[in-house]
2 protein chains.
Amino acid sequence: MQQGLLIVISGPSGSGKGTLCGHLVERRPDIKISVSATTRAPRPGEINGVNYYFLSREEFKKLVDADGFLEWAAIYSYMYGTPVGPVREMLDSGQDVILEIDVQGGLQIRERFPGAILIFITTPSREELERRLKGRGTDDPREIDVRLKWADTELMQAGGYDYVVINDSVDNAVRKLECIIEAEKSRPRRMIIPGWLNH
Amino acid sequence: MQQGLLIVISGPSGSGKGTLCGHLVERRPDIKISVSATTRAPRPGEINGVNYYFLSREEFKKLVDADGFLEWAAIYSYMYGTPVGPVREMLDSGQDVILEIDVQGGLQIRERFPGAILIFITTPSREELERRLKGRGTDDPREIDVRLKWADTELMQAGGYDYVVINDSVDNAVRKLECIIEAEKSRPRRMIIPGWLNH
């Protein structure tokens with residue numbers, strides 16, 4: 001059984017990575033998005049095991065101690081992480097899995113899964129990111145400034161990623177994501193051709 | 001000006017690589033196939049500079065001595081090679097270039113152009129290659145055997161290639177080639193995003 005691909009998708013807030021992931025799995029139902037664990041409380045309508053695995057602080061810490069996360073981080077006063085169990089099961093059954101996480105998490109993944117594919121999503125320019133963040137109208141100017149500075153930092157680290165996809169239009173960007181996955185499935189180490197030994 | 005991509009396409013005789021390259025440049029007229037040099041005489045209808053650069057043995061050797069070939073080889077009693085000048089010009093002007101050459105040539109290219117993309121084309125199985133070679137009806141059984149053994153050798157070396165594309169159908173395989181090119185254009189080292197420094 002050929003292992004599934006582990007696909008990490010990162011990008012600044014406002015890059016549209018969530019929308020792209022949604023469209024991608026709609027067009028490719030064979031790819032699944034990994035469910036994260038969090039210590040924050042479920043919001044109305046959120047379902048345990050679908051939107052998140054909702055854990056108590058104690059459960060989360062136990063899992064950290066047991067090396068049960070592929071990556072985890074404290075964001076504000078909550079903990080977020082990718083439980084290793086479900087991801088490993090899906091990969092072993094040949095299922096491709098998407099992790100939508102931040103760049104630091106992505107680089108942690110690379111250490112544990114050298115075969116992971118790291119994709120960074122961004123806007124066509126810094127100006128455009130600023131425009132999109134302001135256009136949402138949900139953040140105050142200081143918050144937007146923090147997000148932009150954070151985007152600068154993430155983009156600098158994105159050189160350690162395998163691919164950068166410019167989200168100029170959803171269609172274009174999703175098509176590029178599909179191409180990257182297709183191309184990665186054509187790597188010699190992932191191919192077995194009858195009559196020829198695997199090289 | 002962003003450098004063009006140098007794309008090496010190799011594969012055993014019978015893999016259909018020539019057909020695929022033809023369809024690829026038909027669908028992507030922005031990609032050009034490099035013209036090789038040879039010491040064999042032009043066949044009826046062949047045009048100098050279009051099908052091949054036709055050189056005398058002396059001219060060819062001079063070019064070898066002047067380091068004027070990206071790769072070259074003697075096949076039977078003729079010499080074949082990829083002149084470096086036109087390829088470098090096209091790449092520098094941002095033009096993507098395909099070299100349709102054998103695996104040994106491809107691995108030579110990698111040394112001189114570490115950024116080259118190496119793609120190996122093959123049939124879905126060894127059996128299928130045998131069937132296609134026999135189906136052409138142009139080679140005697142001994143010649144087919146030689147070609148199959150040569151294919152085995154090339155496939156073993158194809159592990160040093162970046163991608164392996166199975167030519168199960170022309171449409172499928174050309175689509176994969178397009179995806180690989182698209183994906184390779186999304187490499188961080190090939191991207192410049194306004195407002196952000198190139199990383």
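Yeah, the Cβs are placed from backbone N, Cα and C, and that goes for glycine too.
Just so you know, TrEMBL annotations are computer predictions that nobody has curated.
Since we're looking at a predicted model, the values are computed, not measured.
Annotated features in TrEMBL:
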BINDING   B:Gly11, B:Pro12, B:Ser13, B:Gly14, B:Ser15, B:Gly16, B:Lys17, B:Gly18  ATP binding site
DOMAIN    B:4-182  domain 'Guanylate kinase-like'
Problem - Least surrounded among the binding-site residues, given as B:Gly11, B:Gly16, when other CB atoms within 10 Å are counted - result: B:Gly16
Problem - B:Gly11, B:Pro12, B:Ser13, B:Gly14, B:Ser15, B:Gly16, B:Lys17, B:Gly18 excluded, remaining Cβ within 8 Å of their centroid (ATP) - result: B:Ile121, B:Thr122, B:Asn167
Exercise for the section: For B:Ser15 (ATP binding site), list the number of other Cβ atoms lying within 10 Å of its Cβ atom. Expected result: 26
Practice task
Mind giving me a neighbour count for B:Lys17 (ATP binding site)? Other Cβ atoms within 10 Å of its Cβ, every protein chain shown.
Solution key: 21
Fill in the blank from the handout: Residues near B:Gly14 (ATP binding site) by Cβ (under 8 Å) yet at least 6 apart in sequence within the same chain, in sequence order, are B:Thr123, B:Leu129, B:Arg132, B:Leu133, B:Arg136, B:Arg147, B:Ala151
Problem - Same chain, 6+ residues apart, C-beta under 8 Å of the C-beta of B:Gly18 (ATP binding site), given in sequence order - result: B:Glu100
